[in-house]
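Have a look at the structure below, then the notes.
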Amino acid sequence: MSFDYDLFVIGGGSGGVRAARIAAAEHGAKVALAEEYRMGGTCVIRGCVPKKLMVFASSMPKAVEEARAYGWQAELGAFDWTGFRTKLDAELDRLEAIYRRGQSGAGVTVFDQRATVASPHEVRLADGQVVSAKHILIATGGTPFVPDFDGREHVMTSNEIFKMEALPKRILIVGGGYIACEFACILEGLGTGVTLWNRSPLLRGFDAECRDLIVEKMAARGIAIHTGLVVQHIRKSEAGLVVTAGDGRSETFDAVLYATGRVPNTAGLGLAEAGVTLAPNGAVTVDDWSQTNVPSIYAVGDVTDRIALTPVAIREGHAFADTVFGATPRQADHELVASAVFTRPEFGTCGLSEEAAREIEPVEIYVSAFRPMRSAFAGGDEKVLMKLVVSKATRRVLGCHIVAPEAGEMIQLAAIAMKMGATKEQFDATCAVHPTMAEELVTMRKPVRHA
Ligand code: NDP
């Protein structure tokens with residue numbers, strides 16, 4: 001049977017574009033890709049990239065304050081949100097164009113429209129065309145989840161935050177995960193009054209000692225944090241959005257950001273009709289090869305609800321392309337995936353938290369907490385926390401957690417050693433780079449506790 005394409009990819013985000021490019025450029029497949037919004041997906045258009053640029057913008061007041069402490073005559077003026085947003089939009093246009101060129105350069109045909117699955121070998125485009133493909137890859141990512149409540153229509157999500165007309169004076173952020181905590185810090189840094197409500201403790205699931213420090217520092221900077229609170233309803237008034245919580249309290253804000261998780265983007269995609277098994281939350285169920293129960297249909301990235309991170313989606317997409325179109329079958333590796341939470345202080349983490357590790361085996365805990373040189377000189381109150389969770393039996397470093405400026409950069413390097421199976425003794429055998437913050441990772445002599 002002949003098909004229009006060897007591969008049809010639905011979704012032009014991190015996983016989809018990587019799979020399409022590798023299948024076409026490296027393995028000679030005839031590939032098409034459909035994207036209904038903008039090429040680059042959540043990460044590039046309304047996620048990691050614009051978020052990180054906002055993190056940089058929000059860190060400038062602190063830099064100016066430090067500059068003064070270091071002897072510079074420096075004044076902080078007002079923040080020009082419109083000017084920043086215009087520049088941000090231009091940068092995203094530039095990046096989107098690079099993604100688009102990457103596809104055309106690889107010979108991938110791009111359809112700028114929505115596509116749905118019509119059958120195990122057919123895709124229906126929004127303009128009515130039906131095209132056939134030997135393989136279909138679902139890479140449609142996730143979408144923000146907002147629970148149901150009265151007044152839900154008044155809130156925004158991370159999809160809208162980069163498009164705000166003006167910075168709110170007072171914002172309520174609901175949620176306590178990556179997005180809620182990152183935006184609380186960003187907006188506070190840009191001058192917005194931030195209140196954060198979550199139903200449970202913030203950053204649940206991460207190492208408790210680290211999240212306690214992050215939450216303490218967020219609160220010390222003036223972010224009003226309330227846990228154990230849920231929104232009951234939101235009413236619009238002349239004064240703003242009046243938000244009432246489950247405990248009866250009411251507060252008025254100019255904007256409300258919901259960051260209560262993301263759900264796989266499969267609604268209306270035609271997957272169930274084509275026989276593809278979906279999880280109760282809509283995630284596409286796949287095996288270790290990213291293959292669904294329908295042999296011609298695969299899925300990678302957030303839509304599969306494995307690890308919702310861009311570098312993981314990229315690896316899944318690449319492994320899929322090599323497996324199905326190349327001569328090198330391989331699976332994406334989901335072990336020891338490091339990540340960073342771009343709060344202030346920043347958090348880099350890899351492997352098991354102390355709480356998770358001690359459930360599995362006896363461990364030693366090494367901790368170094370100190371004031372970083374740069375901030376201490378400037379009279380700042382920053383604190384760095386470095387933590388290693390070490391197996392008593394194998395001596396392997398099972399977890400590394402860093403709360404520090406540039407913790408994301410540090411954890412990337414520590415993750416290499418962990419991936420190689422490094423033991424605590426091998427960390428210790430590595431000579432320190434002095435004076436740095438990261439040198440503490442190789443100079444922690446005695447465990448602070450056994451767990
Ligand atoms: P998270 O899953 O990280 O956090 C969701 C938060 O919302 C939790 O605090 C959760 O509370 C709360 N919540 C969930 N459901 C409800 C509900 N019905 N009512 C009230 N509160 C609720 O999601 P995010 O939206 O922050 O981020 C989504 C994903 O995107 C992340 O998991 C991550 O994989 C990725 N991401 C990664 C980033 C990075 O690498 N730096 C940055 C941003 C996103 P509870 O703890 O009780 O469940």
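The backbone N, Cα and C atoms fix where each Cβ goes, and this holds for glycine too.
These numbers come from a predicted model, not from an experiment.
Over in TrEMBL, the protein carries these features:
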- H434: active site, proton acceptor (ACT_SITE)
- K52, D302: FAD binding site (BINDING)
- G175, G176, G177, Y178, I179, A180, C181, E182, G261: NAD(+) binding site (BINDING)
- C43-C48: disulfide bond (DISULFID)
Exercise for the section: Whole-number Å only: compute the distance from the Cα of C181 (NAD(+) binding site) to the Cα of C48 (disulfide bond). Expected result: 14
Exercise for the section: According to DSSP, folded down to helix, strand and coil, what is the residue listed as 'active site, proton acceptor'? Expected result: coil
Exercise for the section: Could you tell me which of the recorded positions C43, K52, H434 have their C-beta within a distance under 6 angstroms of some atom of ligand 1? Expected result: none
Practice task
Have a look around K52 (FAD binding site) and count the other CB atoms within 10 A of its CB, chains all included.
Solution key: 15
Completion exercise
Row G261 (NAD(+) binding site), column other C-beta within 10 angstroms, all chains, value 17
Exercise for the section: Please work out which residue of G175, G177 has the most C-beta neighbours within 10 angstroms of its C-beta, and give that one of the binding-site residues. Expected result: G175
Fill in the blank from the handout: Near NAD(+): residues not in G175, G176, G177, Y178, I179, A180, C181, E182, G261 with Cβ within 8 Å of the site Cβ centroid are F183, L202, L203, A259, T260
Problem - Neighbour count (Cβ, 10 Å) for D302 (FAD binding site) - result: 30
Completion exercise
The number of other Cβ atoms within 10 Å of the Cβ of C48 (disulfide bond), counted over all protein chains shown, is 17
Problem - Chain-internal residues near C43 (disulfide bond), provided their CB is under 8 angstroms and they sit 6+ positions away - result: G13, S14, V49, T310
